[in-house]
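Structure, as structure tokens:
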Amino acid sequence: MRIPRRQVSLCLSLFSLDFAYPFSSSNFLGNPNCFIRKPKGIHTLGLNWLRSIDAMGENLGTVMKDKRTHSFDVNHVEDDPCIWSSSIECKIDIGKQIFCNRSLNMKNIVAVGFDMDYTLAQYKAETFESLAYAGTIRKLVYDLGYSEELLSWSFDWKYMVRGLVLDKKRGNILKMDRHKYVKVAYHGFKELSKDDKVETYGNTLVRDSFDEPDYALIDTLFSLAEAYLFAQLVDFKDNNPDKVPEDIDYARMYKDVRAAVDLCHRDGTLKQMVAKDPERYINVDTSILPMLKMLRDSGRSTFLVTNSLWDYTNVVMNFLCNSSVPDGDQNLNFDWLQYFDVVITGSAKPGFFHDDNRANLFEVDAKSGMLLNTDNGSPMPQVGGASLALSPTKLAKSCRVFQGGNVRHLHKLLSIESSSQVLYVGDHIYGDILRSKKALGWRTMLVVPELEREVELLWELRKTRKELQELRNERNVIEDKIHHLKWSLKFEDVEADEKDRLSGELHQLEGERERVRLSHQDALRECHRQFHGVWGQLMKTGYQNSRFAHQVERFACLYSSQVTNLSLYSPDKYYRPSEDFMPHEFGIVCL
């Protein structure tokens with residue numbers, strides 16, 4: 001039985017997070033009568049500040065058992081995972097919540113689609129990315145003629161983060177804010193000074209777009225290994241000019257890295273290794289099947305659109321679904337297809353999302369992997385009486401498997417009347433989210449695995465962030481006093497003694513300003529290093545949203561750390577964003 005939930009009132013701010021302290025109208029959001037208290041096991045954060053998505057308990061997803069209240073840690077893996085439709089109470093941990101940028105009423109969604117790689121299948125960076133890195137190194141050495149010295153290199157899988165931009169021509173790695181101002185920059189692994197950043201990216205008459213072809217965007221987890229290798233090659237070229245031909249510049253090295261990565265994917269090296277031991281490379285998530293079952297029980301169609309081909313897709317989905325079942329059959333089978341209506345492999349996203357893409361749609365025979373011609377998804381008779389021998393294997397499942405095609409084919413197969421009836425969940429801000437959103441108007445959910453740790457750290461560092469804001473305000477007060485004194489000394493007629501006194505006071509305030517500036521600068525840097533030692537907070541650069549956060553806010557209706565967080569909410573939930581606030585509203589309106 002569904003139990004009505006108590007109303008929850010939260011007043012949250014970006015920097016003023018503390019346990020039961022009042023907001024100051026001059027420093028923080030809200031008013032002096034507005035307090036914040038840490039809810040038990042239920043938290044909500046947003047991109048621009050920590051915030052409650054709904055004060056009425058929306059997004060909290062509590063389920064009761066036997067009319068008693070039980071705490072359940074959704075991080076704890078059990079044979080029977082906690083989902084919204086179960087009889088166990090689920091208190092959604094701060095790192096498992098779904099955050100909302102644009103209103104989304106799930107009652108209007110008739111089909112929910114998923115990407116596979118890094119969405120349903122979360123790869124282990126320490127093994128999978130290391131495998132990709134090692135394969136790329138071998139291709140560079142043995143296929144593209146790079147020094148064998150590269151074979152001794154190692155990969156730090158924690159070093160790079162999403163949202164970075166590679167300057168191919170200069171060999172720089174950049175982190176920008178939402179206005180495309182470069183805030184952190186490295187040449188290889190050497191940090192650029194502030195003067196170097198301004199000289200390179202600030203002193204121009206025309207703002208750089210920081211887009212292709214001169215820049216490469218690191219907006220998918222697949223790209224982290226190649227970004228790290230690019231930085232290594234930049235340092236190698238700078239430190240060993242005699243070991244790198246003169247005609248190979250930074251841009252050429254990046255092009256070669258990309259070519260080596262493509263070679264790894266084309267020859268099947270990576271996927272063969274994963275197929276041999278998927279448990280070594282893919283995380284187990286026991287909530288996948290319950291989530292899919294709950295969505296289908298709610299009357300929605302489900303589909304899978306992946307760039308991977310059928311053979312690899314079947315291996316990965318078998319591992320994910322069989323691992324979700326205690327003592328599940330580890331042999332390859334097609335049981336997982338019962339949880340989907342349509343599976344499209346080899347989709348070639350993002351081109352798949354363009355309606356004018358004229359790619360042919362082939363039906364896949366699941367057992368043999370053979371491709372059969374179709375007429376926009378409808379079976380075609382085979383010439384020469386081969387139709388019986390080559391007809392798709394009947395799997396006693398409603399699901400059909402295809403390769404290629406475009407979004408028009410998918411809409412027809414699922415009888416979609418309006419693109420706004422589709423929710424698509426993916427991990428790639430460009431390949432999955434941006435194109436499906438802009439070209440089609442699909443509703444979108446972005447999977448950001450890094451978010452889980454980020455929001456947990458935000459909560460832990462709330463006192464530090466409050467202190468940062470107080471230092472910032474102190475700087476403002478001191479600077480205003482300095483401006484007044486300078487004005488008096490310049491424009492007011494004062495006696496010599498008074499002038500000496502004011503000059504002494506000015507000198508003292510300037511020293512105090514420098515002390516506070518350095519304290520604030522060091523504290524802000526240390527705060528960001530808590531998130532990442534090099535690049536800082538994923539969603540921030542200083543006090544501004546990062547370029548990555550800006551894209552999430554623009555193109556993702558929803559975002560969360562894992563796809564299976566959907567299982568913690570009602571399939572008919574109305575996701576509502578919090579109110580947007582502009583700077584003039586800070587200190588006036590309590591969230």
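Backbone N, Cα and C atoms are what each Cβ position is placed from, and that goes for glycine too.
In TrEMBL, annotation is done automatically, which means it is predicted and not curated.
On a predicted model such as this, the values are computed, not experimentally measured, just so you know.
Copied from TrEMBL, the annotated features are:
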- 1-26: signal peptide (SIGNAL)
- Asp115: active site, nucleophile (ACT_SITE)
- Asp115, Asp427: Mg(2+) binding site (BINDING)
- Asp117: active site, proton donor (ACT_SITE)
- 451-526: coiled coil (COILED)
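Least crowded of the recorded positions (Asp115, Asp117, Asp427), judged by neighbouring Cβ atoms within 10 Å of its own Cβ: Asp117. For the pair Asp115 (active site, nucleophile) and Asp427 (Mg(2+) binding site), the C-alpha distance works out to 8 angstrom. Of the recorded residues, Asp427 (Mg(2+) binding site) and Asp117 (active site, proton donor) place their C-alpha atoms 8 Å from one another.
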